[in-house]
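As recorded in TrEMBL, the features of this protein are as follows:
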- B:1-104: domain 'HPt' (DOMAIN)
- B:12-39: coiled coil (COILED)
- B:47: phosphohistidine (MOD_RES)
- B:130-149: region 'Disordered' (REGION)
- B:156-190: region 'Disordered' (REGION)
- B:156-178: compositional bias 'Basic and acidic residues' (COMPBIAS)
- B:302-440: domain 'Histidine kinase' (DOMAIN)
- B:442-579: domain 'CheW-like' (DOMAIN)
- B:603-735: domain 'CheW-like' (DOMAIN)
């Protein structure tokens, strides 16, 4: 277990995260996304990736981070990146703000999430690691993709309203 | 022995087929022991299996098959007849061979010998000649049987006789074997034109063709936008070739439904034995073909329904006799094509479903609230048997009450885009009707737009499209009891606004709208969308795990421009929108209003025409118009001095009002015909002009000159208009005929 691991780092709402590179298939910029009515709130839409239909996950929503606040200074930076992940035989896209570097870490350097990390986000973390003094959170994709933000379609809950 | 692997595999496959044949033959013989062809066929099947076992050296299997061959051989020679005991033992033998084959498939060897008690039982059924103990060594080959007979040879006349018979039997067997060899060689000409293909390969090809279809769609769209005639030509050829390829490949995957039915005779036989009931199966339309993946998917649901029919539907012989029915129940399986689907029906003539009992059970199981009961129709009550956690079986047995209910059947059928329906008449029987699509992968669909998004609507669910102009929206689409409705040819059609339903926005009242009339589960409803585009063959792709419980979409497809479009699942959309319940409410509402003689404030639509040069305007109720046609005058023929045309394979009498008769009209001139249904069949009213379609709820018809099928006159669009009643018109026309009058009005 002491072998080094490659991580793909990225930022969402100015926070730093990482996922294990083995799961990452590719990264796409500004890919066309089709809305899905009644979809779970965390699923932004569907992408066509070379003939395969892949859902795009709005990490910002699933991690319960604040909505995009337009920063006047970097208005040319409003690209949306999609990290395409292979997960359990299916592909999903994680929508992120910025793609960082691919880094090598030793699993021993990953620490448990600090007690101060509260709220929804804590459930989705496998740990914390530091890259050149900046803390990154290691995402637990299994928990993340099973969260109700990703799985619960707007069906039963809204039904009474429609009647 | 890798080179043997292929031979072994084909032995396994062939033996499987032979066993299926053997099984069917045994079951058939049990009913009709005299059927010599069946005996011969059964003998051939077991003989082939036995022969090949010898080749591979599966001695345990061989001794078992040898015994069975002996019994069937004796049967063929008329020494014994099939009876219940023999059939039971032979069928057990078939099961045992299957066990052997499975073992051979996994281990490559036939392992241990067959159970001794089965061997003993089979041995006891072999007529006296072979009192040999079947040992692997002795039964290893045909010549060994010979020697075994000789060993036991006694000098008595009696035994000699037996030997002769045995030898005769042997010659028969050899002849038969060579006959079947001949059959294989003569069949090999046919075999050269057929190839066994691995299904995995076919599936892979199907995926590739799916991709090709998508690429073709994209290319076609691109070519249409370019000003390049050669590109256009080439892309159109590609289009044709792709369609042909797709169709051809689709056909390679088709299998007759008979394949799924092959196991039923045995299944029914076992069920009969277990329940003490008697069942006569009737199979119809076994040649109907289905995509093999679909066939695979309905195999278990069908078996479940068959078990269910015997277990719960058909009564015991005593109960049937008491009810004045034949002792044996009839189980009819039929398959046929119907409007782009395959319909499979399983019907029994048993006791039918007891809706009271079903409701009681649904209440007990908490599937239903007592308050709901009254509002349920009979059909809905019966449908509760498809609810999870429902089972009316009072005792759990190993037939149907295995904790797997009809809900699983329904789920399996619905998962492949099919539907299931029940009809039941108490005392007369129950029919389960399964509608299965022909194929899953590529379906024709209508592309529609709602706001900025495109959606695909499967054509199978689409009945028609109604265009509603923006200025008519307020008038034509009304609210009854909080539900949107549209009056479609005199019926109330519940409407669902796609924007509202999908949380996409508020209804559009400014622009023209389209109503898609959709059916699901025999309920019709209208879906309001913004625009209707084109019909396309779309390739269905799954939505994936995250979106599996989406209430309205079953899949997605990739459009010509590379974007994703969602495919509407019409049935779940109807459920989600609560249309089924709305519909009932509406009907109640309509019934109440009818009682009060207050028609719902929906205008009557009229077709305005000008019947002839002299006449003014005439109005025909749109509900009495089937179609409008324009035909060339030279199509008019005469029958009994009256004008008729050939129309949709029938003779359509033409009626002209007043002086609309122009015998000197040029042959090529076009005339307009309003086709109307009447109590006597369809008639065509010849008119000069079709002016408009108007809707009016205030038109008061005054009975002025009532003649020639005109019931009166009124004011429509500010013009005096005659109202035509087609029934009256036809009566008038008939009268003219019966009076022999050639008086042309």
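In case you wondered, yes, glycine gets a Cβ from its N, Cα and C as well.
All TrEMBL annotations are machine predictions without curation.
It should be emphasised that the depicted structure is a prediction, and the values quoted were computed from it without experimental measurement.
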Mean predicted confidence [pLDDT] for the domain 'CheW-like' (B:442-579): 85
Close approaches to the coiled coil (B:12-39) from elsewhere in its chain (Cβ under 8 angstroms; 6 or more beyond its ends): 45-46, 48-49, 52, 72, 75-76, 81-84, 87, 90-91, 94, 97-98, 101, 104-105, 196, 262-263, 265-266, 268-269
Cβ neighbour count (within 10 Å, all chains shown) around residue B:47 (phosphohistidine): 21
DSSP three-state assignment (helix, strand or coil) for residue B:47 (phosphohistidine): helix
Within the domain 'Histidine kinase' (B:302-440), residues counted as helix, strand or coil by DSSP: 53 helix, 34 strand, 52 coil
DSSP helix/strand/coil residue counts for the domain 'CheW-like' (B:442-579): 26 helix, 75 strand, 37 coil
